[in-house]
Amino acid sequence: MKKDPKDTKVVIGMSGGVDSSVAALKLKEQGYDVIGIFMKNWDEPDEYGYCTAAEDYEDVRRVCEQIGIPYYTVNFEKEYWEKVFQYFLDEYKKGRTPNPDVMCNKEIKFKAFLEHALKLGADYLATGHYAQVDYKDGEYRLLRGVDSNKDQTYFLNTLGQYQLSKAMFPIGHIDKKKVREMALAHDLVTAKKKDSTGICFIGERNFKEFLSQYLPAQPGEMRDLSGNVKGKHDGLMYHTLGQRKGLGIGGSGSGEPWFVVSKDLKNNILYVVQGEDHPSLYTYGLLATDLHWVSEKEIPQTFTCTAKFRYRQPDQNVTVQLTGGDTCKVLFDGPQKAVTPGQAVVFYNGEACLGGGIIDETIKTVQEL
């Protein structure tokens, strides 16, 4: 079992945000030997020449000095570029909508960074994620954070037994409001800092402008399912399934808004439908690849559980059928809207995250089931 806290070295990944600040504070209060480390994964100021990494590191430095723990920075720009950003671009080239946060946790935080922490002699790697780990029936389990609105197990679904045996999530059992209150009570400089949103390497920048720096946009036609041209799109990569905003199509026809329903990569056509309950927006199942399970015990060929197809979505009842290798078919109990290839599908049994995969394609008709 765990050693005495004072003899236990914990490296905590610090982002300059309030969550990792309070996580570090909690570890220090519990008596652990804590080292704060800031990961530099991206080296590029925004279009105004402003580098948020410099400000974030300054916040890490000030918090660590307030708490009284040593702090360092480590550079994973090369690994991040190769493992996360290239994947991000490749998925967009395929007309899909990737989730770089899942890949960052898999390849950077709980791989490259974990290895770095262990080389420093750490017993554990801690982060400010809203998630929990426990040990039951001879295995580690990944459990949802108690703050259901902030739970981040969706992004941590690729963690296995080894990673969980080394992971600590000090604020997983606290809700966000309490985290802010703790930061304020200790006068941490990050107490009132707003939460970061969106994709980390884009930050507050315009997504379209950012992506166009790396992938040439190919404008094309927007059509309805009958083939009628409804407008122009700036590039398929700028659109995701179920999208309503930014299409620039007036409410012609029934007057209802238009939604993205599919992409024809070969002919560079964006297909749209009218009305938020249009049948074509719904799917009945999906095929997933790159499956990963938290448990190392044998998984049944067919089982029922709940799943999320996007972050913060309420759990949906599904039946999972393993189809060999790292693939599966997921059948929905009821039709689901805007399930998007490239995103993660993550499975749950009650509070436990079972694992997940990448949505490869959707099943559009009952006949395909």
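The backbone N, Cα and C atoms fix where each Cβ goes, glycine too.
The Cβ neighbour count for CYS104 (active site, nucleophile), using a 10 Å radius and every protein chain shown, is 26. Marked as active site, nucleophile by Swiss-Prot: CYS104.
According to Swiss-Prot, the feature active site, cysteine persulfide intermediate maps to CYS200. In the shown protein chains, 16 other C-beta atoms lie within 10 A of the C-beta of CYS200 (active site, cysteine persulfide intermediate).
Residues or ranges marked as ATP binding site in Swiss-Prot (evidence: sequence analysis): GLY13, MET14, SER15, GLY16, GLY17, VAL18, ASP19, SER20, MET39, GLY128. Secondary structure at SER15 (ATP binding site), taken from DSSP and collapsed to helix, strand or coil, is coil.
Per Swiss-Prot, disulfide bond is recorded for CYS104-CYS200, and the stated evidence type is sequence analysis.
HIS129 (site 'Interaction with tRNA') has a Cβ environment of 25 other Cβ atoms inside 10 Å. Marked as site 'Interaction with tRNA' by Swiss-Prot: HIS129 (among others).
Annotation comment: Swiss-Prot describes GLN343 (among others) as site 'Interaction with tRNA'. The Cβ of GLN343 (site 'Interaction with tRNA') lies under 8 Å from the Cβ of THR97, PRO98, ASN99, PHE309, ARG310, ILE358, ILE359, each of which sits 6+ residues away along the same chain.
For GLY13 (ATP binding site), the nearest neighbour among the listed recorded positions (CYS104, HIS129, CYS200), judged by C-alpha distance, is HIS129. Distance between Cα atoms for HIS129 (site 'Interaction with tRNA') and MET39 (ATP binding site): 15 Å, as a whole number. Between the candidate binding-site residues, GLY13, GLY17, the densest Cβ environment within 10 Å is the one around GLY13. For the ATP site, whose binding residues are given in the record as GLY13, MET14, SER15, GLY16, GLY17, VAL18, ASP19, SER20, MET39, GLY128, the maximum C-alpha distance rounds to 16 Å.
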